[in-house]
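Notes to accompany the following structure.
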Amino acid sequence: MSNIRVCALFRPLNSKEICDHGDNISISAVDSDSFLFKDEKEEEIEFHFDRVFYQGSEQANIYEFLALPIVTGAVNGVNGAIVTYGQTGAGKTYSMEGPSIMDCDENKKGLLPRVVDGLFSAIRLSGEMTKYTINLSMVEIYMERVRDLFDLSKDNLLIKESRAQGIFVCGATDICISDSAEALRSLSIGIANRAVGETQMNMSSSRSHCVYIFTIQQELKKEKRSGKVILVDLAGSEKVEKTGAEGRVLEEAKTINKSLSALGNVINALTGSPQGRANHIPYRDSKLTRILQDAFGGNSQTALLCCCSPSPSNASESLSTLRFGARAKHIKALAHVSLREDEDTKSPGALPVIKDESCERILEKLRQKMKAEDVELLEQLFVLEGIFFDPNSVEEVEAAYEDATSRTILSLQRSLEELIATVEELKEENKALKSQIRS
């Protein structure tokens, strides 16, 4: 069991920061994984991370250290997640995408296109004895609703959980991709649908958390493996007095800050419990923490890139980001190879699923002797291991049925509106005919 990998990235100063403070910066490098940070009171604080990428660092170096081990693991059936975190305008989306997802400049390519290239490169090197398929989904969490960026009619998807898949977005469009070019074209379509807006801190500020999900299915002679790579470009935390947000943008900022606060609470819960004692983790407090449940507390090897401004004008926000990263660095990773189990290959000795009534009786007895949060944690573990059946989390068919029902209702509403409009037109024509007959 290893800790999640946490890196700090300091982007170059922008024109506004240079105008306000010249070339002054709040950091002084110690080595490749340590630096001194000067806060607003001019006091120096030392930080240690797995790697520090200072101003002018190459995008390729960030990918090789942070993402390449996760890509390699996913091709071999180990889930992985790469998360960019930081204040608005700190360089998260640039680190993720580069100047453009379709940009051809090799030096400027972000993590996302490099992950795409890395997946297909690893598959090519694996030989012809193994069959691979890669599927791509892309969603955003906007105003606490999960929206499908490949199908905008799906604007309130459910986050589910199952033993086989872990945490997943039910009903999200899944595109099978056969090469890097096809993947990048699909990604560019999804990115164009993402919610963005202008603030005083950023001309093109992300107003949602964006999640890119690559699922790699591997078929060997005697077994099947399934690995996932999830890349998460978080919307940035915002101070209203700096961004000048108002109206709709202000409401977006409040929702973003609330979900990031929930993420902070999850990190604190994961790292703050006494050794050997279970602690309640509030994953369900927001859609963001729920979708990141496996990344920070489940079957995943995870990397966190803390993006910061080096300018003294953003010292408070950068310090908050760095403290978040320092806290997250203590989280233990629980990654292991994910094997796919077909219905006809299941072991006859597998544990039977206990139905609802039995589950409740067992949990009630546990509640009499244990704390409520400990019982809740045990229940989640039982569900993940397949001992308990969670009717609220594995009903993919029901979710698909609900989605189809919603589509049918919308279609019927449109048909009804068209029918009403037609009837009104016929009434008008009838009136006109009657007038002609009278005259």
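Heads up, the Cβ atoms here are built off N, Cα and C, so glycines get one too.
Here's what TrEMBL has on this protein:
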BINDING   GLY86, GLN87, THR88, GLY89, ALA90, GLY91, LYS92, THR93  ATP binding site
COILED    409-436  coiled coil
DOMAIN    3-331  domain 'Kinesin motor'
List of residues, in chain order, with Cβ under 8 A from that of ALA90 (ATP binding site) and at least 6 apart: ARG11, GLY236, CYS307, CYS308, SER309, ASN314, GLU317, SER318, THR321
CB contacts for LYS92 (ATP binding site) [other CB atoms within 10 A, all chains]: 26
Binding-site residues listed as GLY86, GLY89, GLY91, least Cβ neighbours within 10 Å: GLY91
Long-range Cβ environment of THR93 (ATP binding site), under 8 Å and at least 6 residues apart: THR84, SER206, ASP233
Other C-beta atoms that fall within 10 angstroms of the C-beta of GLN87 (ATP binding site): 25
